[in-house]
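Single-structure report; data block below.
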Amino acid sequence: MGSEKDSESPHSSVSGIPNPKCRGPGKKQGRISFHSLFHSKRGPRGSKANVGTPLAQQLHQQQQIQQQQLLQPPTPTNVSSDPSTADPAEPLSTSQASLGGQELLECPLCLVRQPAEQLPELQGCSHRSCLCCLRQYLRIEITESRVQLSCPECAERLAPWQVALILDDPNLMEKYEEFLLRRCLASDPDCRWCPAPDCGFAVIASGCASCPRLVCRREGCGAEFCYHCKQAWHPNQTCDSARQQRALSLRTHSNHSPSYTAEQGHTDDIKPCPRCGAYIIKMNDGSCNHMTCAVCGCEFCWLCMKEISDLHYLSPSGCTFWGKKPWSRKKKILWQLGTLIGAPVGITLIAGIAVPAMVIGIPVYIGRKIHSHYEGKKTSHHRRNLAITGGVALSIITAPVIAAVSVGIGVPIMLAYVYGVVPISLCRGGGCGVSRGKGRGVRIDFDEDDGPITVADAWRALKSPSLGESSLEGAASGLSTTSPSEGLSVAPGGLGDTPHFNTLAGGALGARTGKYSRLEVQGTELGKEVAGRETGSLGAASDCASTRGMAGSITSSYTLPDREGTNLEIQVDIETKPSHLCLTTEEDLAPPTAAMAPGVGEEPQDCSSRRSRTVMDSPLGLSPGMSLREGLRDVTLAQPESIRSDLEMSDTQSDDIAELTSDDCDSPHPKSCHGAPPQATCRALNPTDSLHCPDNVILYV
């Protein structure tokens, strides 16, 4: 009886030996384990067996998702009851750091774990990125002409051999080397690139400013271009007129082209770099005006097209950081006057506000910082309050000292900027418009500027070693000496109302003469050490010279109109080193007929052929003492030729002067300059004549 009662008691299910007579109670009191959720046996009651099935399926699906995320194959459904194999957390965590015994590193660019062999270590820094990301990075940089390559994570420069190893692309490497070469040649002022299409040949034209006709020596090219304007060669034409002609033809071609639309971008969006001349396109998207050339690395302002520093937009230059055009002259002058007048009031107001703000604001700021420092820490309230009180008390003592030092240093700096930097910056080069008239006091010019910088203006502003920087625009008569070599500009143009512009030795002169008018021009050129700037030319019937700025330009062939009683006198004084020009006295000059005809149909000559010639034939003659109405014209023009090298030059100079004068040349109607009948006094000199080379040449016509 006792054994039966014990077996029927509710505590019998806890015993180690199960009782077959008590199946029901033993089933109800059984323990629930994690293994039983997946492998539960169906009992006689189906309702109880179906309760744990959905929960088991959900847990099984979650486990499969985790396994797929960790890149592990799914485990089979029948999992053993061993707890060491039931939890796969430990083997999966170790697989993230190694794969087959190899160390995995995370790329900072694509955030993908890869073997260490795929992440090369760059020289100079400890950063590592995968090869795929590095190749894409270098490909983008080289395609956009950025050759100053650096590490993607720091500013450490990459060596060319590292770039070659990472790229492993001969075409990109060739382009990279070409961009490096262009960047290097951009610093050479005498480097000229061939303008022919599909030609990347460069010419180092050192000392060719006096003979600007250059020829590309690349095999199959042979293009001729100008040293000054860097465009196709334009014989008997100035650089400005050739540029205008090209612009006109391009505009005409664009208007008739079917692909031309009126919605194309403005020319103001494309400007050349002020250092290397590479064209740069600026998107009209509201970006800043601080530009950086990708070819030469020049930093310049898009509005004024000048190389700038970081303080350019803080100075009163009229250029704004975000604007589309610079300030007008009126706005700059008004801003200057307002600054000069209102500076004391503004500085006093700023100092009056800054002193109490610092005296009150510094203690408040210190107290808040100390309170936030102790807020998250487990410290006593007494210690925190003591630190806050001490910091505020110390800041109250030091705040007046800081305010006094700031005002004592800041106010003189602002006064020096307002009354020193602002006037100097605005009045530099006449930008302030303030001028002093004769007996009229100070005059302020409020005329507006010409407008924004265009492509043509930007090209004219390029720094070039050419001797000619003068413009041929306008019809004002006078002598322009804007070239660095102080050259001569002579223009015996039409003797009527229409001026003629011809450039010689670096300048431009528009001669406008009327009835009984007289023109006298005298120019001087000092000898320089540079061979290209030691030569002067006074016109020749050859097309072997650019007439832009023109040391070594030509005078175009023309016929003087028949004007009654008009005399023209030109005096030329050139001081230079001895050249191959040889002049004799007036008795040695014979009147050949060849000198009377203009040099038409001559073959163009390059620099070498130009230097080999000693005297160029004159295109026309103006006989001294003969009136133009009688149709007798004779001229004697001398042209010192280019000197080959500094070794062939002599430091001695001669004082010989060849003069062709007449006592009657000053009269409106000269009959003759000599007692004998007038004769032509100009002939082509023989290059073989061993005559003395003069230094000073004075010509009277």
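Cβ coordinates come from backbone N, Cα and C, glycine included.
Here's what Swiss-Prot has on this protein:
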type	residues	note
ZN_FING	107-156	zinc finger
ZN_FING	174-239	zinc finger
BINDING	Cys194, Cys199, Cys216, Cys221	Zn(2+) 2 binding site
BINDING	Cys226, Cys229, His234, Cys239	Zn(2+) 3 binding site
ZN_FING	273-304	zinc finger
ACT_SITE	Cys288	active site
BINDING	Cys301, Cys304, His312, Cys319	Zn(2+) 5 binding site
TRANSMEM	340-360	transmembrane segment
TRANSMEM	396-416	transmembrane segment
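Across the zinc finger (273-304), DSSP classifies residues as 0 helix, 9 strand, 23 coil. Within the same chain, residues 343, 347, 350-351, 354-355, 358-360, 362-363 sit at least 6 positions outside the transmembrane segment (396-416) and bring their C-beta atoms closer than 8 Å to a C-beta of that stretch. In three-state terms derived from DSSP, Cys226 (Zn(2+) 3 binding site) belongs to an extended strand segment. In this model, the zinc finger (273-304) carries an average pLDDT of 84. Note: the Cα of Cys199 (Zn(2+) 2 binding site) and the Cα of Cys319 (Zn(2+) 5 binding site) are spaced 37 Å from each other. Taking the Cβ of His312 (Zn(2+) 5 binding site) as reference, residues of its chain lying under 8 Å away and at least six apart in sequence are, in sequence order, Cys301, Cys319. Rounded to a whole value, the Cα-Cα separation of Cys226 (Zn(2+) 3 binding site) and Cys194 (Zn(2+) 2 binding site) is 10 Å. The Zn(2+) 2 site is set by Cys194, Cys199, Cys216, Cys221; from the centre of their CB atoms, other residues of the chain with a CB within 8 Å are Pro195, Ala196, Phe201, Arg218, Gly222, Ala223. Each of the binding-site residues Cys226, Cys319 was scored by other CB atoms within 10 A of its CB, and the lowest score goes to Cys319.
Closest by Cα distance to Cys239 (Zn(2+) 3 binding site), from the recorded positions Cys194, Cys216, Cys221, Cys288, Cys304, is Cys194. Cys194 (Zn(2+) 2 binding site) sits 33 Å from the residue listed as 'active site', counting Cα to Cα. With all protein chains in the displayed structure included, the most crowded Cβ environment within 10 Å among the binding-site residues Cys216, Cys221, Cys229, Cys239, Cys304 is that of Cys239.
His312 (Zn(2+) 5 binding site) falls within neither a helix nor a strand when secondary structure is assigned with DSSP, and so counts as coil. Rounded to a whole number, the C-alpha distance linking Cys229 (Zn(2+) 3 binding site) with Cys216 (Zn(2+) 2 binding site) is 15 angstrom. Secondary structure of the zinc finger (174-239) per DSSP (helix as H, G, I; strand as E, B; remaining residues coil): 13 helix, 13 strand, 40 coil.
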